[in-house]
Amino acid sequence: MLSTSTSLQGGKVSREEYRRQKDLEAARKAGTAPAALDEQGNAINPHIPEYITKAPWYADTGRPSLAHQRINEQGPHLKLDEWYDRGAKAGPAAKKYRKGACENCGAMTHKMKDCVERPRKRGAKFTNKDIAPDELVQQFEGDYDAKRDRWNGYDPASYKHVVEEYEATEQMRKKYREEEIDQQTSTDMAVVKKLAKKDKEGKVEDDDDDFGSSDEDEDDEDKYADAADQVGQKLDTKTRITVRNLRIREDTAKYLINLDESSAYYDPKTRSMRDAPVRNMNPEDMKFAGDNFQRYSGDATNMQKLQLFAWQSAQKGSNINVSANPTAGELLHREFQQKKEVLKDTNKTSILAKYGGEEHLQRMPNELLSGQTENYVEYSRSGQIIKGRERAKARSKYDEDVYINNHTAIWGSYYDLSTSQWGFACCHSVLPGSYCTGDAGKLANAASSASALLASSNERSKIEEAAEKERESLAEQHLKDLASGKAKKGKEREWDLPQYAKRREDGEELDLDKGRLKNALKEEKKRKKMGEDEAWQQTKKGKTDVTQEELEAYRLSRQAYDDPMSNYQDPEDQ
């Protein structure tokens, strides 16, 4: 409904104001109060809902209006003959180069990078010669459709040359056809004899113009016949094919075979005639014997069986409807057929088991009855069927389930991956004619395998290396002792130098200087009290090598979270 200016502006309305608005709306609907006016002074229908008359917040003007529901007026459209005048010049060319003009051609309407002329060796800016005139710049502000119209600005007069070319081709085609027919007529002996005979007998033209024409008229018409070969086309007009769905007029329609009203009925809607149009006639001698044969072709018979099954089931109380649920009916019918076949086989088996006579039902193969067959069968050298109607199943050439030479498994029950050979699973033997050796044979084959031989060769090489070390000469041992003695003396002389850190072996004790260790502990505590940035700056300024004492100080001062005494502090250190 329409609202007042207070409600349009979004202010809170009191009860009295809200009641006054409702009364005004009711009066406007009843016609006792004048209707509201919009910005243009037009009356607004009071029956229009409020959600239509109320403008959104971004288009609200504070007054009731329907301007937001109307389409904005569009500007004038471009005319058909109003378009860019391509290649038009604004005036004569200048004589001197002007400041701000194109450096290449000298025009004022574009810059050098947008110039479409060939780049000159020396531009017009430096030569003041051959200055191009200014182009005529036109501005057209078209609407959305005008900017996207592919035919906007197209000149229909430009298609005139296509029409002229087609007319010239058509004239040449007619002229070529006339010359071809004239040449063919002059050389045709049959036409010459016919004309001579006609002149000799002195016959006049027939007066059957309404039903035909003379040969001369036909010859003249052939000159302009549409069936003539056209120049520039590969289509042979003499061998045109008619449309496939057009019936050839040589055959007779089924409803025209017998015009007797009491004959077979023809249904024009389905174009079908079920019965034969001519009675008392052999169907084999008839060209058309009716469309009833189609009722027994395809799935028509199966559909009749399905419908019969549905009717019989409905009589017995089953709710089967082929039209309402054809899928369920098809599934039930298929299940019924399967059960029927099973029951038929069961009855046959029980009767044969009770009364006998199964041997009389067995039939000899066709090969034995006729003595020969046309079925192609191809056999292998071992007598197996390779190709034919009855292909035998693939079977092994070895005797199955035959245990030889005390084996408990057949040949081929084991496959050795290392040697890619088949064998017996009971003893892992890969020889077909070997005797079974049981678990001892498995161990022997495992020991003689390639992996076991490689492992034994590795152990042998290790033993040889150990023996080689034991065979070192006394001279080499003496040289090593001398070298170790010099190293010890060097260590005594270098006792005052710092010992750099190395990995401690298991059970090895390091000789640490107590004074250096104490100083390292103080430095480590001082480093931990520093901030992160300050410690990083101090680390960059210091040395990069770590001594054994510094490493030991780090280990001693490192906090162990799983140590119950990690938080204990000596009173002397506090």
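Backbone N, Cα and C atoms are what each Cβ position is placed from, and that goes for glycine too.
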Candidate ranges 100-117, 298-315, 424-441, 442-459 [criterion: Swiss-Prot lists as zinc finger]:
100-117
Would you mind telling me which of 235-254, 555-574 Swiss-Prot tags as region 'Disordered'?
555-574
Tell me which range among 1-42, 337-378 Swiss-Prot lists as region 'Disordered'.
1-42
Please indicate, using numbers and ranges, the residues of the same chain that are 6 or more beyond the zinc finger (100-117) and have a C-beta under 8 Å from a C-beta there.
90, 93-94, 123-125, 130-135, 137
